[in-house]
Structure formats: structure tokens, C-alpha cells
Amino acid sequence: MSPEAPGIFALPDHLAHKAEPAHIAADERHLAAISHALDQKVASLSARLDARRRDPAGRGAQTIERDADIRRLVAELATLRRFGLDVCIGHYAVAMSDPAAPDSHHTGSAQVYVGRIGLTDAAGTPLLVDWRTPAAEPFFAATLADPRGVTYRRRYRWSGRRIVDYWDEVFGDDDEVFAHVSPDDLSAFVSNLSEARTGRMRDVLTTIQADQDAIIRADSRGALIVDGGPGTGKTVVALHRAAYLLHEQSRTGLRRGNLLLVGPHRPYLDYVADVLPSLGEHSVQTATVADLGVAALGVAALGGTIAAPPGGLPDEPDPEVSLLKSDLRMVEAIEAAVRFYEQPPEQSMLVQTEWVDLRLTPADWAEAFGAVEDGTPHNEAHPQIRETIAEILVDRALHNSADGGVPQEVLRAELAAHPDLHRALYRAWPMIRATDLVGDLWSVPAYLRLCAPWLTTNQLQLLQRPAAGAWTTADLPLLDAAHHRLGDADRARRAQRRRAERSEELARRQRVIDDLIAADDDPEGVSPMLRHADLQEALLDPSTDDAPTAGVSRLAGVFGHIIVDEAQELTDAEWRMILRRCPSGSLTVVGDRAQSRRDFTEPWPERLARIGLSLNRITSVHLSINYRTPAEVMEAAAPVIRSVRPDANVPESVRRSGIPVEYGHVEDLQHVIDGWLATHSEGTVGIICATGATVPDFNESDRVRSLTPAQAKGLEFDLVVLVDPDSFGSGVTGAVDRYVAMTRATQHLAVLGS
């Protein structure tokens with residue numbers, strides 16, 4: 001980058017009229033200033049990063065602060081180096097009477113340049129406003145119906161760090177404005193939409209439309225439903241909303257790393273992986289629904305406590321079993337399954353101690369079990385139960401002691417480590433792993449009948465399996481529910497062992513202190529100070545404290561906001577996994593009812609209310625313009641979905657490609673691929689076929705890949721080839737799969753029948 005930076009504009013010959021100095025000279029000057037400021041910022045950030053890395057690591061909070069600074073500086077530098085001057089996406093102009101940025105290049109107007117980040121010059125004068133700030137909102141929100149005070153808007157189209165086109169829109173009829181712009185008939189915008197795709201989602205910040213921007217900036221309180229058909233930019237909205245909400249964290253209350261994006265499958269997450277970093281955000285957690293279930297069990301990948309093949313857990317082969325496990329009532333059966341193991345003993349027991357023998361009654365057990373605080377995971381309740389039992393027995397000992405000579409703390413410590421009490425508690429309130437609990441449901445019919453009495457005899461038999469641990473993806477929501485209700489059994493055992501050791505150490509120290517004080521002639525000396533409990537606690541080794549279990553995934557925790565894309569595919573049980581991680585109910589729900597492979601007859605708000613959200617905290621918005629798929633493809637796809645869902649939200653395409661849908665035979669597959677690649681040096685090809693289908697051999701590459709309709713959700717390809725679409729199946733599922741597959745195309749669709 002250089003202040004002079006010649007040739008920022010590299011407009012092709014057919015756009016020579018846009019290269020007139022009257023149109024671009026002001027931009028060249030301003031972009032040169034931005035280039036110079038970026039150079040200075042990169043140098044400054046690099047120097048600060050080097051200095052911070054040389055700082056001594058320190059200890060505790062100092063280390064955390066230093067590491068956080070380094071991560072922040074590295075992220076800022078990565079964003080600047082990733083884009084360079086094309087960090088600027090365009091500008092808008094307002095009449096001078098309107099408050100705006102002070103940068104004015106012609107009489108009567110002021111220009112505001114919008115970028116991925118905010119930037120000032122050495123004097124503090126704004127050169128770029130961050131796209132997420134209120135100052136940038138008119139750039140996206142202005143329309144002919146509501147210009148927001150904007151006289152014109154210019155969006156840049158960058159390629160190779162140079163502007164190869166721009167798109168001017170004029171709001172009004174000011175002759176002065178027309179002298180400095182080159183109004184566009186949408187050709188630049190449409191050209192941008194038609195660009196060849198790669199294996200990663202394109203950067204589309206420049207082309208965000210007003211309706212999309214309004215959704216991106218919408219309030220984060222409650223649940224926002226973004227309903228839209230194929231190609232309407234739902235995923236674009238979801239990703240940019242994530243970046244916006246984190247930028248507005250002072251208002252939304254979100255912290256870095258406290259926002260989760262849930263996608264339909266791993267290829268989708270790989271496809272969108274570059275978008276958030278390009279927007280300056282590196283802290284958004286991403287996951288599939290299956291990842292959430294596995295994470296709750298404390299494993300980083302499929303394996304560990306779940307025996308799974310290298311490719312992950314298989315889907316449930318029996319549709320009826322899958323449907324039963326997805327039922328909300330089955331999730332609620334987990335509570336009954338845990339309660340079965342929380343029954344107080346029905347017999348009294350004698351607790352013998354060094355000082356006194358005490359009787360523990362069934363009523364005492366019931367009182368101790370009832371004292372567990374609401375929301376305490378089963379495996380983490382032992383300390384509360386033991387503490388209540390100890391209080392009951394210590395009070396009883398003091399009441400029964402004629403002279404009150406029973407030493408309370410020593411007795412309490414002995415009870416905390418009492419082996420008979422421990423065994424009795426473990427029998428009445430055992431430590432349980434989630435895999436054991438759910439596995440028992442599938443292998444012990446009487447247990448399942450007790451916990452889910454609504455099941456028929458046939459359904460009970462269907463759910464039983466010879467290998468209790470033969471997990472499928474349908475089990476994950478139930479394993480997740482069990483894990484959150486139970487807590488980590490191994491961690492609880494370790495914590496209990498540490499607490500028992502701590503109690504024994506305190507009791508030992510108490511005996512030593514008693515001996516020291518008895519031998520000390522100075523009653524005002526140091527020895528009596530040792531009686532203070534706080535000081536005794538401080539003398540203990542802090543390494544014995546209960547620390548969080550290392551390696552437990554962040555995905556098992558709570559998030560301030562969750563964005564769910566392709567949300568129409570979630571089952572009721574999977575929705576509970578989401579809500580469990582977002583108790584605030586702050587959600588962005590992105591999807592299309594028409595693309596659901598399952599029955600989805602109710603409106604979105606009713607669906608979310610049924611799984612636990614409050615209706616008065618649900619807002620719905622609708623997207624109806626298709627920016628991805630040409631009209632020729634949508635005209636072929638619309639009848640497919642409307643044959644099974646007459647009320648489907650089929651969006652209107654913003655462009656025609658001039659390429660009709662191609663029809664042929666499966667044997668033509670390689671010929672179709674070769675013909676398209678021969679005439680397209682860039683772009684991607686998606687071969688979409690049914691699971692397990694026999695497909696003629698073809699040459700796969702980085703640009704040509706094969707997928708099932710389910711794997712294609714959320715993705716897009718320049719050329720889509722449907723291989724034997726009749727094999728996708730009949731009914732709703734088959735029609736939805738064909739519709740989804742067809743609408744992945746951005747330029748050309750070929751349908752090859754058998």
C-alpha cells in the first residue's frame with residue numbers, strides 16, 4: 001500500500017465511461033488516504049504486538065491479560081492483512097444539512113466511507129466508519145421509498161485489490177449529484193451475484209440489501225425468526241448478524257466467545273468458515289447439532305465415552321425409532337429416569353463415631369434429599385446431602401449430650417469421611433453416567449415403561465436393542481439431556497474425594513492446634529489465632545480445590561445468543577438441546593418451512609412455543625427475493641415443492657441467466673461435467689444424488705464434488721447436476737430433496753434421469 005497508490009480503479013474497457021475523473025477522482029484521493037492510514041495502523045499494531053510478546057508472562061491475571069491482548073492484536077492484524085485497501089466497501093453521500101462525516105468532495109454534500117473496520121487518520125479525522133455502527137446504517141438501509149437523507153450510494157466491486165466495477169444508486173433528482181456519479185441499471189449488482197463460486201462462501205458485505213440489514217441489526221432480546229426460501233440470503237443474514245451482535249456487545253451484553261452458530265452439517269461450517277473472520281470476528285463458536293450432543297459428554301470428538309466409527313455416529317436406521325426418540329415426551333422421560341435413583345432409604349441406620357452413636361432415620365434421609373437446591377445436577381448434589389445429614393446428626397449429638405462436650409467440628413469432619421454413611425448415600429443416590437442411564441432405557445424394558453408410560457407395547461419393543469451402547473444420532477439429544485440433568489459423575493467423584501481429604505486435614509490440624517494451645521502459657525499469644533476457621537482454611541494447599549475438568553468442551557455450556565441455520569430440520573428433542581444452552585431465549589432462527597424433510601405444518605411461532613419459548617418473545621420476519629438462483633431454475637423447481645406444499649414460500653428471482661434447465665440421461669454425467677468445465681475456467685460443480693445411489697464414474701476434483709440432498713443444504717454451486725432425481729423418493733421427503741438440490745444452482749441446472 002502507498003499513499004500515491006496509482007490505479008486503484010481498474011475498470012474494463014466497456015466501463016470506460018465510469019472512469020471519468022468527475023466520477024472517481026474524489027474516491028482515488030480518499031482511498032489513497034485510507035491506504036496510508038492502513039499502513040500506519042499495521043505498523044503500529046505490529047510494534048505493539050512485538051512489545052507485548054516481549055513482556056514477561058507474569059502470573060495469574062497478568063498472564064491472562066497479556067494473552068488476551070496478543071490474541072486481539074493478532075486478530076486485528078489478520079483482518080487488515082487479509083483485505084488491505086479493499087477493507088473499504090463503498091460510500092454514501094448526504095446533503096450538507098444532514099449530520100454526517102465531514103469528508104466533502106463536492107459542493108452541497110458530504111461523503112461517508114464504509115468499511116469492515118473503523119479507521120481515522122493521524123489527526124483523528126474519520127476515514128472509514130465500521131459497517132456495524134449507526135453511522136454506516138444509511139449505506140445499507142437507504143431505499144427510494146425511504147432514502148434516509150442519502151443523495152446517492154456507491155458500492156465497490158473489488159478483484160485483486162483493485163476496483164473493477166462500482167454500482168451507483170441515486171435517491172432524488174439533484175443535478176449536482178448526477179454530475180459526480182454514474183447511475184447503474186443494476187448490471188454491476190447482477191454481475192456480482194453471477195460471479196463464479198469457490199469452495200468457500202463469497203464475501204457479500206458490499207451487496208447487503210436494506211431488508212437484510214434491518215434483520216442483521218434487529219434487537220437480540222427474545223427469538224427472531226428469519227423465514228425465507230432458497231437464495232434469499234438467510235445464511236448471509238445469520239453470519240452478519242453474529243458479527244453485528246458481538247460488535248454491539250456493550251448494548252447486547254454478549255461477550256466474546258459467548259455466541260454460538262449452529263449449522264446443519266460439517267461441510268456447511270467449512271463452507272462459511274471464512275465469512276466471520278472477514279468481518280473481523282474470530283470468537284464465534286460454531287457447531288452442528290451433533291457436536292452439541294457429543295460435547296455435553298465431555299469429549300472433543302466422536303469417541304471416548306461414545307463408541308463411534310471414524311466417520312461419526314450413524315443415523316438411526318428405523319424411522320419410527322427416530323421419531324420416538326425425537327419426541328419431547330422422551331426428553332422429559334429422562335427426568336423420571338433420574339428420579340428413580342433419588343429415593344430416600346426406607347430403613348434407619350446406626351452411625352457409630354468416636355464420640356457418640358447416632359441413628360439416621362428415613363425422615364432424616366428425606367429431609368436431606370429435599371434440601372438439594374433446584375437445578376443442582378444429580379451427581380453434584382452429594383455435598384448438599386452430606387452437609388444436611390451432618391447438620392442433623394451433629395444437632396442430635398449436641399441435644400443428646402448431657403454436658404455438650406461433643407466437639408462439633410471434629411464430629412462433623414468424622415461424619416464427612418464416614419465410610420458407612422458414604423456407602424449408604426451411594427446406594428440411595430448413586431453417581432450415574434449419562435451413557436449408563438440412557439443405555440438402561442434401551443436394554444431394560446421395565447425401566448423404560450416406568451419412565452415413559454405413554455409408550456405402547458410395540459413401541460417399547462422397538463426401542464429395545466441388544467447393545468445398549470450402539471449409539472446413533474437420534475440418541476444424542478437424550479444423552480445431552482441426561483448429561484445436563486446428571487452432571488459429570490467422574491468430576492463429582494474427584495471433587496468429593498478432595499473435600500473428604502480436606503475435612504480430614506482440617507480435623508487433624510484442629511487436634512494439633514488443641515495440643516499447641518494446651519501447652520502455651522500465653523493465652524493472648526499467637527496460638528489462639530489458629531482457632532479461626534478462615535486462617536485454617538488459608539493454610540491448606542489450594543491445589544486441593546475443585547478445579548474445572550480439563551478438556552470439557554465449551555459447547556456444553558451456556559451462551560448469550562444462539563443462531564440456528566437450516567432450523568427447519570431440528571427435531572423437538574434437538575430444540576431442547578439448543579434451549580438448554582440459551583436460558584435467556586435470545587435466538588436467531590433461520591430457515592424455510594418448505595425445505596423441511598419432516599412434517600412442519602404449524603407456523604414458526606407455534607413451533608417454537610411448543611418446544612418451550614414464550615410466544616410474546618417471538619418475532620418473525622420474511623425474506624422473499626432470491627439473489628442466488630436464476631429465474632429459469634426457480635421456474636422448474638417451484639412446481640416440485642408446490643406439489644406437496646402448496647403454501648411454500650417460493651422466492652422471486654432477481655435475475656435471469658439466459659441458460660435454460662438442461663435435461664438428459666444419467667449416462668451423460670461425465671459429458672455434462674466436461675462440457676461445462678471446458679467453457680468455465682472458474683466455478684464449482686455439485687453432483688447431487690440419493691444416498692447409496694449407483695452413479696456413473698466421474699472425475700471428482702476441488703471444483704467437482706458429489707453430495708446427497710441433505711449434505712447440500714446451505715451450499716451453492718455454479719452448476720448443479722441432479723442424478724436420477726426420481727430415486728430421491730416419493731412424498732414430501734422426496735419432493736423436498738429434489739427442490740433443495742435444484743435450488744443450489746447459481747447459473748446452470750442439469751437434470752439427468754435414469
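Each residue, glycine too, has its Cβ placed from N, Cα and C.
Marked as domain 'UvrD-like helicase ATP-binding' by TrEMBL: 207-630.
Reduced to three states, the DSSP call for Lys234 (ATP binding site) is helix. Listed in sequence order, Val226, Gly228, Asp565, Val590, Gly591, Asp592, Leu623 are the same-chain residues six or more apart from Lys234 (ATP binding site) with CB atoms under 8 A from its CB. Look at TrEMBL and you will find Gly228, Gly229, Pro230, Gly231, Thr232, Gly233, Lys234, Thr235 tagged as ATP binding site.
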Gly233 (ATP binding site), number of other Cβ atoms within 10 Å: 23
Same chain, 6+ residues apart, C-beta under 8 Å of the C-beta of Thr232 (ATP binding site), given in sequence order: Leu623, Ser624, Ile625, Asn626, Tyr627, Pro651
Greatest C-beta neighbour count within 10 angstroms, which of the binding-site residues Pro230, Gly231: Pro230
Gly228 (ATP binding site) CB neighbourhood, other CB atoms within 10 A: 24
Environment of Gly228, Gly229, Pro230, Gly231, Thr232, Gly233, Lys234, Thr235, the listed ATP site - residues of the same chain whose CB lies within 8 A of the CB centroid: Asp592, Leu623, Asn626, Tyr627, Arg628, Pro651
